[in-house]
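Engineer: Next up is a structure, given as structure tokens.
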Amino acid sequence: MILEDLLMVLSCLALHILWKVQAVPILPLSLVPDTFDDAYVGCSEEMEEKAGLLLKEEMARHALLRESWEAAQEAWAHGRHKLTLPPGFKAQHGVAVMVYTNSSNTLYWELNQAVRTGGRSRELYMRHFPFKALHFYLTRALQLLRGTGGCSREAGEVVFRGVSSLHFEPKRLGDSVRLGQFASSSVDERVARRFGNATFFNLRTCFGAPIQALSVFPEEREVLIPPHEVFLVTGFSQDGAQSIVTLWSYNQTCSHFNCAYLGGEKRRGCVSSRAGQPESFSTEALALQSGKTLLLAPGELQLSRAGP
């Protein structure tokens, strides 16, 4: 009788664990082609001229954006004098970072939802993407804070990212993937684990920018990774209900969009931008160590998964 009871308890425990694992959605890691991934290569100055008015129009239509921006603007005015910032870094760039890092509201989540699906077409972006100015200012902030050259200029940053509600899994080792959104990470593994363990990422990023000095929560020691950075999947394992993923940056970005607000259409392939040349596109195929590349046109690449 005791043995039967014990087996019953173990059976129930196993079912409970299985239910918990299955209750967390599983999403494949990929190049997320529907991401709005504009890096504004060659048009950042023109976008700076237009983004101010665009921001006012978008704030008029989105109350949370207006409230968040105004609060961050006030905080920026009080703290700006304490910061050492790179040339070209404007107040709007700093305010955009503060808006994003303020997790006391849902704006960062709404922005990333829009980013992950807003790149299906330029028409969809123009008509329905509600954060065009915020996306531009945040993208430029990361570019200016990180500087040009990626890992060609300085060593990549080893960071950690915890996700609480989703299991991300690669199809296989050697895949080329992007995170497909603005992805928060930390140089402190303990901090990252506080944000979740359904998926835990170990990353080496070449284009993620340290934003601790600008963050609403500086103790998180955050590094913010842009949607368009390309990574190699170098490791994957599962420990109970946890997926553990290791990603290594290619020191490369790729985008389907460039200067979309100014008329740039979505391109068939993901166009790579070589580190160190942020205002021009590479005309060569990416030297992917474990994947395949299909050359489409000068500067255009279709990154495909590794394997036969």
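Each residue's number is its place along the chain shown, starting with 1.
Placement of Cβ uses the backbone N, Cα and C atoms for every residue, glycine included.
Keep in mind that this is a model prediction, so the values were computed, not measured.
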Engineer: Can you tell which of Cys43, Cys151 is bonded to Cys259 by a disulfide, based on Swiss-Prot?
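Structural biologist: In Swiss-Prot, Cys259 forms its disulfide bond with Cys43.
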Engineer: Take the Cβ of Arg161 (active site) and count every other Cβ within 10 Å, whichever protein chain it belongs to.
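Structural biologist: Taking all protein chains shown, Arg161 (active site) has 25 Cβ neighbours within 10 Å.
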Engineer: Is Tyr100 (NAD(+) binding site) helix, strand or coil when read with DSSP?
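Structural biologist: Where Tyr100 (NAD(+) binding site) sits, the three-state DSSP reduction gives helix.
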Engineer: Relative to the Cα of Arg161 (active site), which of the recorded positions Cys43, Tyr100, Gln181, Ser184, Ser215 have a Cα no more than 10 Å away?
Structural biologist: Ser184
Engineer: When a 10 Å sphere is centred on the Cβ of Gln181 (NAD(+) binding site), how many other Cβ atoms does it contain?
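Structural biologist: Total other Cβ atoms inside 10 Å, all chains included: 21.
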Engineer: Among the recorded positions Cys43, Ser184, Glu222, Cys259, which ones place their C-alpha within 10 angstroms of the C-alpha of Ser215 (NAD(+) binding site)?
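Structural biologist: Within 10 Å of Ser215 (NAD(+) binding site): Glu222.
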